[in-house]
Amino acid sequence: MSKTLQSFNLLKWIDENKELLKPPVNNKVIWQDSEFIAMILGGPNRRRDFHVDPSDEFFYQIKGECYVECITEEGKREVVTVKEGDVFMLPAMVPHSPHRVANTYGLVIERKRNQGELEDFVWFCDECNHEMHRVRVQLSDIEKQVKEAIHSFNSNKEIRACKNCGHIMPEEVEEWKCE
């Protein structure tokens, strides 16, 4: 969409663009020429990385539920359930892994990054929670770079092997289930 002074029906836009919402992330940026990254994310996504974003992230769950798994300051995993119609503001620098199940849609808004402002994608062992791998990027294309980071991790058995407990994370990610 171009920068125009015109509204549009977001649900219609989602319906017309849902074929673009593909795993592992299932995201599509709405406007390319904005100072914000406003994107629709659909489910099911297939990711297990934790994103450490230098800016706040605003979540609005349009359809179904989204589960945002966060790492607390104490290093514990905590899941925030964002129900249909709910909003959630995730503070900057909180490691988080958004999980979406089938037939769900949400809007996420974050700001574009300043030059030199870096962020991380981090993988933790499913068995012992040890940090296994970290990728630091200057984010310029969220649709492309997140997928590349996930693919790089999933395709490399050496970095999927936990150096702490020996557990090997599977290459293929199952649809996330809230426990």
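Yeah, the Cβs are placed from backbone N, Cα and C, and that goes for glycine too.
Look at Swiss-Prot and you will find R47 tagged as O2 binding site. Taking a C-beta cut-off of under 8 angstroms and a sequence separation of 6 or more, R47 (O2 binding site) has the following same-chain neighbours: P23, P24, V25, S97, P98, H99, V146, I150, V173. Under DSSP, R47 (O2 binding site) is assigned to coil, being neither helix nor strand in the three-state scheme.
Under the heading Fe cation 1 binding site, Swiss-Prot lists H51, E57, H96. Long-range C-beta contacts of E57 (Fe cation 1 binding site), restricted to its own chain and to partners at least six residues apart, with a cutoff below 8 Å, comprise M89, L90, H96, V108, I109, E110.
What Swiss-Prot lists as substrate binding site is E57, R100, E110.
Around C165 (Fe cation 2 binding site), the C-beta neighbours below 8 angstroms that are at least 6 residues distant in the chain are C125, E127, C128, H130. For C125, C128, C162, C165, the entry in Swiss-Prot reads Fe cation 2 binding site, with the evidence type sequence analysis.
With respect to Cβ neighbours within 10 Å, the binding-site residues C125, C128, C162 differ, and C128 shows the lowest count.
The two recorded residues, R100 (substrate binding site) and H51 (Fe cation 1 binding site), have Cα atoms 15 Å apart. Across the structure, C162 (Fe cation 2 binding site) and H51 (Fe cation 1 binding site) are spaced 19 Å apart at their Cα atoms. Looking only at the binding-site residues H51, H96, R100, the densest Cβ neighbourhood within 10 Å occurs at R100. There are 22 other Cβ atoms within 10 Å of the Cβ belonging to E110 (substrate binding site).
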